Amino acid sequence: MSKSAGCCKRFLHYAFDYETPKTLVIPSLGVGFVFRFTQFLVVMYVGIDWYVCVVQKAYQDTDTVISTVTTKVKGFAFTNTSDTEPRFWDVADYIIPPQSDHSFFVLTNMVVTPKQVQSHCPELPSPSTTCVDDCNCVEGRSDPRGNGIQTGLCENYSTTARTCEVLSWCPLEIDTKLPEHALLVAAENFTVLIKNSITYPKFNFHRRNILPHVNSSYLKRCEFSRLTDPHCPIFRLKHIVSEAGEDFQDMAVKGGVLGILIDWSCDLDWWAGECLPKYSFRRLDNKHPVNNVAPGYNFRFAKYYKAADGEETRTLIKAYGIRFDVIVFGTAGRFSIVPTIVNLGAALSFLSLVRREMFRLASV
Amino acid sequence: MSKSAGCCKRFLHYAFDYETPKTLVIPSLGVGFVFRFTQFLVVMYVGIDWYVCVVQKAYQDTDTVISTVTTKVKGFAFTNTSDTEPRFWDVADYIIPPQSDHSFFVLTNMVVTPKQVQSHCPELPSPSTTCVDDCNCVEGRSDPRGNGIQTGLCENYSTTARTCEVLSWCPLEIDTKLPEHALLVAAENFTVLIKNSITYPKFNFHRRNILPHVNSSYLKRCEFSRLTDPHCPIFRLKHIVSEAGEDFQDMAVKGGVLGILIDWSCDLDWWAGECLPKYSFRRLDNKHPVNNVAPGYNFRFAKYYKAADGEETRTLIKAYGIRFDVIVFGTAGRFSIVPTIVNLGAALSFLSLVRREMFRLASV
Amino acid sequence: MSKSAGCCKRFLHYAFDYETPKTLVIPSLGVGFVFRFTQFLVVMYVGIDWYVCVVQKAYQDTDTVISTVTTKVKGFAFTNTSDTEPRFWDVADYIIPPQSDHSFFVLTNMVVTPKQVQSHCPELPSPSTTCVDDCNCVEGRSDPRGNGIQTGLCENYSTTARTCEVLSWCPLEIDTKLPEHALLVAAENFTVLIKNSITYPKFNFHRRNILPHVNSSYLKRCEFSRLTDPHCPIFRLKHIVSEAGEDFQDMAVKGGVLGILIDWSCDLDWWAGECLPKYSFRRLDNKHPVNNVAPGYNFRFAKYYKAADGEETRTLIKAYGIRFDVIVFGTAGRFSIVPTIVNLGAALSFLSLVRREMFRLASV
């Protein structure tokens, strides 16, 4: 071997990957195939790398959203059914409780039991409450499915039925006569203004769902629509329910829970103006009647009154309605040195490892 | 060296790890020891790798749960103590406020101050409110620990004590006479139905705590029990409190906050039917009397009445009770290419690095 | 080459990094420069490594906080303005609703409309409600910006204006006469005790914002101050608002939402006693009048009364006030083998890769 040839060899040795000359000295179909296959793998690796680092934003540090919500419902209704007196309803009547953190309840149907007082009355007829005489009733017994504490007497509930008398708020509520059509059908045209402020504390990033470019006159007349007004924070209840794939009139009869989901997922490496809320709507309770104890959504509350003689009476209301839960979620990402090194390093090192193994295999 | 021997050597060189032949050519006790030690390390590495990738599920992408809760308490009680009138209590009486997002408050004890009107009355006796004559009282002064704004007069509170008169809701509440035994002891037998829907938005995974295989008749009669009915969503309050290691009767006197924790941590790579809620219970406030201002849990609210002459009276209620906070948490994991590459790559590369260093050390 | 020299060379070859002798055999200014530059890079790598692993705590597993909050406001006020009757206010009057999960609302200003009954009355004058005669009013029409359902009559609203009569709660609320100075200015001196218990479920770590070393007598008299009492859980409302950079009197007029942020970010590798809450305060709604429908924070609620003849009347209250949202957040970290291996491995492997490439470049 001449000196220049040795020098040249050494140069080649340094200039290229130290495995490369070794594969070249073994001319073989198998090795050639492996070589090409390895080239393909390298290309694939670059693809995965690109996917990991760019598409999945693995170079970013992330933070979870902190949020505050206020809601304001507008609208009024007039009800005049055969069962109830004509009545006008405004926001103070149908929003219960009047203010809440991140949800609001709109009354749509109800069973009202007025003029209840603490007293005695015969139970509602059922297999466990009917009686023939006082012997069937035990003083002090309280049936969990009943409505009060038995006094030990058997009384006439109606001309045909005798039931055990109970100590309770009387008259008892008869909630089987729920109106088939929701009382406040007009509620579907109520609107709600949702004000939502968010913070990503790690990035000291604050934002509101009322965008900076939106002016006051627009806000006075706009209404959310995915196509024409995607950033208007005023929602018609009917629209929310129909976007969730439900029918307002159906849902209003027995009530339900409807989620207003606001997604604030953002890439803060880009222009922050692009960090916009994305609204979506989903029914959160189960509407299917299977496996359903207490379908829909309802709760009981009472208005207490005191007569001139000091006796307390109450109006019991079993309120059916739609609870709208405003659920704010999201993760923001911003470039950070740590995940970049971790992810890039891991990906590259892994690839380099695999490549080395491939070459070793190829060189055999 | 013959040709075949050289070929064999070359083959060996290619077939095995390139360091291996080198360590073999230095016969030495130390090197031998290091060689075995390295083998041990490699085995350990495989263990760590397995731990990182399989046990810790480092190959999964994760998401945090989004949840909605509705609760419905059932039960009634009858109270008849020496202090108060006999009274029947149902859900509209003891759940305050009637509906809430993910908590419910059950009234168990209280101090009632009926027939309060806006007027003047002598303060409750205390070192700062007792007086001898009007000179001790300053008109307009409001002591933060007092109950109203002083009128400047000194009045007889009782036959033995004179205190400064204040402008306030009179008569003043005397909350030192809290019943030693909770008024609504029967509350321990109330039951609560908790309906919980969860979503992992990243995986578009929805689920309820009422499981699909559960039928309606089971739900009507079941009651949560860790052993026999671990998936029944109906809980007896006494059971919740005792699982938290507390005594209901004790807790009911001064109130408290009790957490109903629902853990939805799931591995979505497995059969999704395995994603089940795990319930646990924990007292969240501090029951120990040390460092305790305002131990327990209570708040004041009032029922307002209007007399025929238009005068407003109110019944002030200092309500003691247990607030049950339903806290839903959990993280779901599902296979994802990014964490797999990152974690596998990092682990493998790290190990390969360490191994190389070990061998270099060994070869010295 | 003598045998000893070959042996020595071989020893050197094994003892040091295998690239090092090779760069040394090429004496060249460029290579020397690259060699030094590489040394600089290695030092820098150590710096990044240190940063990733120590400063950013990349060796820790993390968990998100789970929290419960109870609040108790103290204080009373006396109002005596020209518009309203003298009135004494205590906690049952100005906290609405009386209890809530992690927020509390303090009433500071209001528009009261007493003695409303379901009846007919002329609308408030506005371009869309004024009329000349009955022909301008349509029976059954309900203007979303109006206050009720038109009866079809045109009535005298005042001596100068005629408006359409509506079916509504009458008399109508006139909310344009909001007092310029907040009614309950004294609310700034109310104090709130915030009890906050947190849990990091993954680490089974529980903690309260009332610290163990704090004694009961201190809690009875202390008041939060960033300098002197940074761990006192009793906050004066005025102090909260001023720390958020706002003026209480300004904010009290139209209301607002104020965040009390409690940061529980902790490094659990250190003495857990160091895991302390950090309080900060921020206004969460937008105070600027631009883009502002319904600035501030208010809601309507009603107190319902029943007259002796059974007629229901209500007092409608448009309540302006400050909603204090207690927002608890934080992430705890504790040493864990998985992120340590992942991060350390990734960083080291990445660096080793880069170093190898640098040397290869240098050797050219």
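Including glycine, each Cβ sits where the backbone N, Cα and C put it.
Taken verbatim from TrEMBL:
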BINDING   A:K72, A:V73, A:K74, A:T191, A:N298, A:F299, A:R300, A:K318  ATP binding site
DISULFID  A:C121-A:C170  disulfide bond
DISULFID  A:C131-A:C154  disulfide bond
DISULFID  A:C137-A:C164  disulfide bond
DISULFID  A:C222-A:C232  disulfide bond
DISULFID  A:C266-A:C275  disulfide bond
CARBOHYD  A:N189  N-linked glycosylation site
TRANSMEM  A:335-354  transmembrane segment
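Taking the features listed in TrEMBL, we show where each one sits on the structure.
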residue: A:K72; record: ATP binding site; CB count, 10 Å: 20
residue: A:K74; record: ATP binding site; CB count, 10 Å: 15
residue: A:C137; record: disulfide bond; CB count, 10 Å: 23
residue: A:C154; record: disulfide bond; CB count, 10 Å: 22
residue: A:C164; record: disulfide bond; CB count, 10 Å: 26
residue: A:C170; record: disulfide bond; CB count, 10 Å: 20
residue: A:C232; record: disulfide bond; CB count, 10 Å: 20
residue: A:C275; record: disulfide bond; CB count, 10 Å: 18
residue: A:N298; record: ATP binding site; CB count, 10 Å: 23
residue: A:R300; record: ATP binding site; CB count, 10 Å: 22
Checklist entry - Select from the recorded positions A:C137, A:C232, A:F299, A:R300, A:K318: which have any Cβ-Cβ contact with chain B shorter than 8 Å? => result A:F299, A:R300
Item to check | Short-range recorded positions relative to chain C, from A:C121, A:C131, A:C232, A:N298, with Cβ separation under 8 Å | outcome: none
Checklist entry - A:C222 (disulfide bond) to A:C275 (disulfide bond): how many Å between their Cα atoms? => result 21
Item to check | Nearest recorded site to A:C275 (disulfide bond) by CA-CA distance, among recorded positions A:K72, A:K74, A:C131, A:N298, A:R300 | outcome: A:K72
Next on the checklist: If I take the alpha carbons of A:N298 (ATP binding site) and A:N189 (N-linked glycosylation site), what is the distance between them in whole Å?
Outcome noted: 21
Checklist entry - Quick one: Cα separation, A:K318 (ATP binding site) versus A:C170 (disulfide bond), in Å? => result 15
Checklist entry - Among the disulfide-bonded residues listed here (A:C121, A:C164, A:C232), which has the Cα closest to the Cα of A:K74 (ATP binding site)? => result A:C232
Next on the checklist: Nearest of the recorded positions to A:C121 (disulfide bond) by CA-CA distance, picking from A:K72, A:V73, A:C232, A:C266, A:F299?
Outcome noted: A:F299
Item to check | Cα distance (Å, whole number) from A:C131 (disulfide bond) to A:V73 (ATP binding site) | outcome: 49
Checklist entry - Just checking: which of A:C137, A:C164, A:T191, A:C232 have a Cα that is within 10 Å of the Cα of A:C131 (disulfide bond), counting only these recorded positions? => result A:C137, A:C164
Next on the checklist: According to DSSP, does A:C232 (disulfide bond) sit in a helix, a strand, or coil?
Outcome noted: coil
Checklist entry - What is the maximum Cα to Cα distance, in Å and rounded to a whole number, among the residues A:K72, A:V73, A:K74, A:T191, A:N298, A:F299, A:R300, A:K318 annotated as binding ATP? => result 25
Item to check | When distances run from the Cα of A:R300 (ATP binding site) to each of the disulfide-bonded residues A:C137, A:C232, A:C266, the nearest one | outcome: A:C137
Item to check | Integer Cα-Cα distance in angstrom, A:T191 (ATP binding site) to A:C232 (disulfide bond) | outcome: 12
Next on the checklist: Around A:C154 (disulfide bond), which of the listed recorded positions (A:C164, A:N189, A:C266, A:F299) come within 10 Å, judging by Cα atoms?
Outcome noted: A:C164
Item to check | Top Cα neighbour of A:F299 (ATP binding site) in the set of recorded positions A:C137, A:C164, A:C170, A:N189, A:C232 | outcome: A:C170
Checklist entry - According to DSSP, which of helix, strand or coil covers A:N189 (N-linked glycosylation site)? => result helix
